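J.: The structure under discussion is supplied below as structure tokens; questions concerning it will follow.
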Amino acid sequence: MQWDQYISQPGLRTLAVALFVALALSLFGRVLTALVLRLARAFVFTRELAEQLEKPTRVLLPLLGLQGVWASAPSDLLLIGAARQVTTLLIIATLTWLAMRLLRGLQLFIQLRNPVDVVDNLRARQIQTQSRVLLRTLGFFVLLVGLAAMLMTFPGARQFGASLLASAGLAGLAVGFAARPVLANLIAGVQIAMTQPIRLDDVVIVENEWGRIEEITGTYVVVRIWDDRRLVVPLQYFIEKPFQNWTRRSSSLIGTVFLWADYSLPLEPLREELRRLCREVPQLWDGRVCVLQVTDAGERSIQLRALVSSPDSSRNWDLRCHIRENLLGFIQRQYPHALPLVRADLSVGHKQTVDRSPPEHTEPERQPPV
């Protein structure tokens, strides 16, 4: 095939039409997306969706126009087959991008409709966790379908795919074994979305670390620890291993404060002081539990346990510190004799003579040389 065919009149006409169609559809896409964005500002869902689909739409329209031009062009033009193949691949990639942005817009809309920065956010965290995990799983399948569609445009890839599906030898076992962690995390993600052992913003204890669920991805979970460290845990961990979830059904929590005191300490004044301390901080105490009990009696002191309840774990921590500090101060002020003491009975059985004279200076014994 000669290069003069490329510069022939049909080739020039096809190229000119392709450029005109691409520029016209690109301009039309900009105008269309700007108009849609202006009209979509009235509603949250339409605004988020329009913002996410703006760029893929601007790219997709010129590609569709070019594909129409290449389809109507003569098949004997130079490089027309390559142009059709490349444009087809770009269209599939753009459609995959469009689908991913659509899922992203849906996720943003769900987050806006169900904020977690409220006092009672249990329902919102349930919805956000389910939607995030399911949409990420769906996004994985969208990418898989897009990649498969791009590969199926090549005739050789069709035969390879058919032979790969038909084979059941060692190669298939090796590929399946290598893909086992990915599939396990994928299945674990679906299980977490359905059963919800964890949700976004849940308070958990994982590997003896207290923190909150900050992010749930398709392969791992990020736990924000109380000192702003991040603990990255595989998604499958929450299916296979036990852990503590303090906000599984409700965020309210009962905390304990332990004190040790002498047997002479009266308990009723201390109980009254505990109730007074709880009532003076209504932002920390939810009014459910305020109890003081003796939980142990040793040979030297008694152990007191105060139970107090709060709307969430953070406020319960502050309430426990408030109770502990003020109860200690109350005992020190009102009953200083009731602090833990060590008792000892001193009896004089016989007199002891204590030699207070300074010790005699004795020279150490010389050792014979070796």
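Placement of Cβ uses the backbone N, Cα and C atoms for every residue, glycine included.
Features from TrEMBL:
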TRANSMEM  15-39  transmembrane segment
TRANSMEM  133-154  transmembrane segment
TRANSMEM  160-179  transmembrane segment
DOMAIN    182-248  domain 'Mechanosensitive ion channel MscS'
REGION    350-370  region 'Disordered'
COMPBIAS  352-370  compositional bias 'Basic and acidic residues'
J.: Cβ under 8 Å to the transmembrane segment (133-154), counting only same-chain residues 6 or more beyond its ends: which ones?
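T.: Cβ under 8 Å, 6 or more out: 85, 88-89, 92-93, 95-96, 99-100, 103, 106-107, 161, 186, 189-190, 192-193, 216-218.
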J.: If you average per-residue pLDDT over the domain 'Mechanosensitive ion channel MscS' (182-248), what number do you get?
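T.: For the domain 'Mechanosensitive ion channel MscS' (182-248), the model's average pLDDT rounds to 87.
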J.: Tally the residues of the domain 'Mechanosensitive ion channel MscS' (182-248) by DSSP class, grouping H, G and I as helix, E and B as strand, and everything else as coil.
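T.: Each residue of the domain 'Mechanosensitive ion channel MscS' (182-248) counted once, the result is 18 helix, 25 strand, 24 coil.
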